[in-house]
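Asks: Here you go, one structure.
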Ligand SMILES: [K+]
Ligand SMILES: [K+]
């Protein structure tokens, strides 16, 4: 039996939280005297607020029950769906600025921290709406890091099952037994990094507004910018450097940041995922810089600057751009393509397959070879010094296969709408992996506006499914899930 | 300890078998009065024959020992390497017709049944060399079906370990306990189908020479043609139909053909792989035909003819072409791209990931979802009605990951030589999957001649590794393999 009433109550609370942030944006709109936007924000709050309070009132006698895994799974997907719907209101009510399809695509892209945009002229948008756009990233990113670990259990939804749901595999590290407290600390880390990046960007000459928006976007590994040319607009080595650093940070497991701050260095140096992540980042940056030097950029320094920025941007699945990498060498491009598959660390805001999964599968691959030579040997797979249970390796293998299948299905759906192979495939990769830009017609200098409406819905679904680790969403489509 | 002397003896016997076929081609060359080719064949036989007899003589006192798995693994890879080297002699000795690189690429492409060619004008080649070219397919295909199951054990090399080596996973079906006898029957099936196809093609108006060559190529799912336009040269619906049928047959598990002929129908209808294979073939043909009708081909009949031919050609990893599918709709193209991943059945001459692996991983994916909803449930994975052991699913997952990694590494290697992404990726897919044609500059109307030499060596390696199920070759590069 599923507890739909309690699920609805949970989602209603979520909407009310969103409404607080909408109100904030309305205030900013009033400050900038963007009255159409303010009207739109207030209308959105009024409608969504009424519905939420209505649901909470009607089900006020429903008590918190021990919810099942299934309830948890539904709640997670429903939260992303409903949040994206409510968050789309301001875009739609503001004099029909965007169509319903475009608005939903943009907010799903925001909450899933994908950063794929349908806006063709970003700088024309009212500031308060741009802030809201960056906030969908920031809230979505926080949702991914914190929600699954802490907030939802507080609302009365089973904790561990949800952690499983949001992250099948060995990703969530039980850093303290008190989940609520953990969540609070992760919050602090997230907010702290955002504040620090904002400060550093303002020091580099950015306006406070731009700095805040870009920090929201960076920490969420989102990729929405307030400028048409993305970070390339500022053409500043200092700003590139700051954002590179924070993109790399945002792609790391946030429980590690928390540990670092509480002085626990021991666990960090033996963390397989972190070591692999940094190795991939530096190796990819080096390969790209080497490949571009003398061909695209004259100086070594410039090659390193652009290479490391783009490697960090794609590996962390942020998707910011300082240049159109489609004009790079093919080696530079293919390195980015490989990074698109990898993605960031588990427990971060990054998308992609995740470094820990790749590392586990590589180790498993070596074990298979050992097994071939020594058929009677017993080989233990260790991650961060701990043996990994076979069931988890199993789940990861399954995830990897499902990931590739999803990519091929989404690619086919796009090709069926007469979109060329490279664009279709990388659009699939960029949305399922929550990256944002791909290659071809969805490259870093292009956007997703040209796609037919039904493709935008398919990609919205892909972004959500990718963000929620596929299984969480796909399981809802099995008849078995709905059986009593 | 490895038994190199016995390994060398085995490979020498293999070379002597090749020499018999070279002699046959020399005879054909004499019949066609292609004296340069005849001289080249005889020289190849003389050199390789002397070396082989030399090795056999020197090690004549070496007795058959119980060989280890490692010996088996080395023998398999070494056989393909040495055979491709020896088979390249006639191309090189014939007045320097091909460079060493091109000749090796062409023979590795032959023995691995890939069918990627560096010949820009096939029809200019002497007939006896074209026959030799088709024979490398046919012998390589037979090698894949029979060698692992039967011939090598006859030569004194451990049977079951090799079967493991050549086909990790649930592919080899122990159809009779007497392996030698099984091999003989598989031989009959292989030769029988070749003869039947040759007969049917001659009935369709092909010359006996062309019919024989195309039959060699079809049964091996190779793809070498004697015509520049491949099967499209004949522009005959009848010939297209016959070849479509035999490509589908060649992509099936040969033990099933054997069973069918011995009247055992029961096992066939419950064979998961066969059912999935036929389903994929018909579904893909339907999707492509639907997509092409009215856009590329006027009539339904024509759409079905070209769609089913190309679907069979790519799914069975043969790689024949009746048209340049790069001018098809993107949906048609992407369907072929997906088929390139899938490949044919285990125990056939086809390459690719193989249908049984995809089926197992899909079932495993569903089991994972069941497990998410019922964490305490026990779910058994069945293929063809039998439960599959976890270790095998493990090995298959590992294989899939390794396959994708290999594709990305080969793609990167090509991109590093300044080859565009689509060409790089599909060249990787077409060689690792032993298909032949890809997209972009290695499409069905193009060839591999334009690639730089070092890329040809990389792709030769990719063809061999793909043909030998990756693990077999990769394990030789681990230090652990060479440890005492
Ligand atoms: K992103
Ligand atoms: K082939």
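Each Cβ is built from the backbone N, Cα and C atoms, and glycine gets one as well.
Keep in mind it's a predicted model, so treat the numbers as computed, not measured.
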Asks: From A:38-59, A:104-125, which range did TrEMBL mark with transmembrane segment?
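Replies: Comparing A:38-59, A:104-125 with TrEMBL, transmembrane segment matches A:38-59.
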Asks: Check each of the ranges A:367-391, A:392-416 against TrEMBL and return the one annotated as transmembrane segment.
Replies: A:392-416
Asks: How many other Cβ atoms are found within 10 Å of the Cβ atom of residue A:114 (K(+) binding site), counting all protein chains shown?
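Replies: The answer is 35 other Cβ atoms.
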Asks: Which one of the binding-site residues (A:113, A:317, A:318, A:434) has its C-beta surrounded by the most other C-beta atoms within 10 angstroms?
Replies: A:318
Asks: Have the transmembrane segment (A:71-93) and the transmembrane segment (A:457-482) got at least three CB pairs under 8 Å, pairs 6 or more apart in sequence?
Replies: yes
Asks: For K(+), what surrounds A:113, A:114, A:222, A:317, A:318, A:434 with a Cβ no more than 8 Å from their Cβ centroid?
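Replies: Close Cβ neighbours, site residues excluded: A:112, A:115, A:137, A:141, A:220, A:221, A:223, A:319, A:349, A:350, A:351, A:435, A:436.
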Asks: Out of A:185-209, A:276-293, A:330-353, A:457-482, which stretch has the largest tally of CB pairs under 8 angstroms to the transmembrane segment (A:237-256)?
Replies: A:330-353
Asks: Around residue A:222 (K(+) binding site), which residues of its chain at least 6 apart sit with Cβ under 8 Å of its Cβ?
Replies: A:110, A:113, A:114, A:115, A:134, A:137, A:138, A:140, A:141, A:216, A:318, A:319, A:349, A:436
Asks: Looking only at residues six or more beyond either end of the transmembrane segment (A:185-209), which have a C-beta under 8 A from one in the stretch?
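Replies: Residues 127, 131, 138, 141-142, 145-146, 149-150, 215-216, 218-219, 226, 234, 236, 238-239, 242-243, 246, 249-250, 254-255, 257-258, 261.
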